[in-house]
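Novice: Dropping a structure here in structure tokens format, bear with me for questions.
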């Protein structure tokens, strides 16, 4: 029996538990972006009900990002302190609860509705803060470098998949039964997903479906398989954490990555806030039609997002260079996304949809910022590093909706808004080509008190 057992062991196939992990990240991120997009789909009807102008709408759109930015560093600290599984569960559960409660804001009247809506959107943003740093930590723990780009592109492409799936559903709900049901539907589904998360997600060393060969494979490729076991029981003084943060802020590479992510997110936030409104107000579509039309560029963004990761990992295997593997899709994708500006010069509906589809295909290919983070984050503060990255990136979520609101409110047109977003794509390209330099994992220097 012993010899048979040894023989069986020697031919044991490597498990692929990490694939189910990234599937779960994809599902959760889809709900994450679905919840963010609820207001953009229901927004036109809500604005009519409560008398909200474009500038006011811009501020309400930005409420999520104010909190999301504020919550990034605390969220990253919580992830490093208590681990991804527990913190992420509470994040999903709480943001879903606040999403559901937005369906009840019409119990208030007048300005009270606006205050309630802004407050609940703010709380959703605060609760979602650990989500993407959590995604990045989990990918860094589960995936070797040669698979990391694809893993990141899969969960990152969920933002487009969310629009493909949920925009038509939310548009139909708004049209047929009223905007409040959009929030009931998304909030309820999210609460269910939070409990599925607890059953599916485990650390690599504790996953019941992983074998030794898979652990050895991912560890050999640079996966940080002991990340949470090392961090959850260690208390680090604030002075040390601050010293580590200053090292990140002093890195030219990281400054370039932060600026690039800010600019890439300008495209993201245009898409999940103003794009459906653009289709309704600037192009005269019904809410129902806009919900379906918005899914076309989203499909292209999804395809581009997955393709960007595959291309990046293929380049990594062929060249062994993180610079070539990560920068090439980012630069080419952002250049392609600038075609959205051409929408200002055409009035044919299919051409507008086509240019937007190309733009979001390019944006999908170039959305590899989280792969760069998984490649560069110091192992001691991977959650905090991801939180800092996401904080800078999502300042764009505050600025972009408000800036577009002012542009549209002042000019009465979306033409300037599309130019504004296109210029950000160009700045992202320059940031990666000029500022970032060599992409490599940061090794922290000892800090006094450590």
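For all residues, glycine too, the Cβ spot is worked out from N, Cα and C.
Quick caveat, the model's predicted, so the values are computed rather than measured.
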Novice: What does Swiss-Prot say: are residue 283 and residue 438 on the same side of the membrane?
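Specialist: Going by what Swiss-Prot records, residue 438 is on the opposite face of the membrane from residue 283.
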Novice: Under 8 Å for C-beta pairs, could you tell me which stretch among 59-79, 86-105, 255-275, 416-436 has the largest tally with the transmembrane segment (330-350)?
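Specialist: Out of the listed stretches, 416-436 contacts the transmembrane segment (330-350) most.
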Novice: Which one of these stretches, 86-105, 154-174, 177-197, 291-311, has the most C-beta pairs shorter than 8 Å to the transmembrane segment (352-372)?
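Specialist: Of the candidates 86-105, 154-174, 177-197, 291-311, 291-311 scores highest.
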Novice: When secondary structure is assigned with DSSP, how many helix, strand and coil residues does the topological domain 'Periplasmic' (106-109) contain?
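Specialist: Per-class counts: 2 helix, 0 strand, 2 coil.
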Novice: Output the single range from 21-41, 59-79, 255-275 maximising the number of Cβ pairs under 8 Å to the transmembrane segment (154-174).
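Specialist: When the Cβ pairs under 8 Å are tallied, 21-41 comes out ahead.
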Novice: If contact means at least 3 Cβ pairs within less than 8 Å, sequence distance 6 or more, would you call the transmembrane segment (291-311) and the transmembrane segment (388-408) in contact?
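Specialist: In this chain the transmembrane segment (291-311) does not contact the transmembrane segment (388-408) - fewer than 3 Cβ pairs sit under 8 Å.
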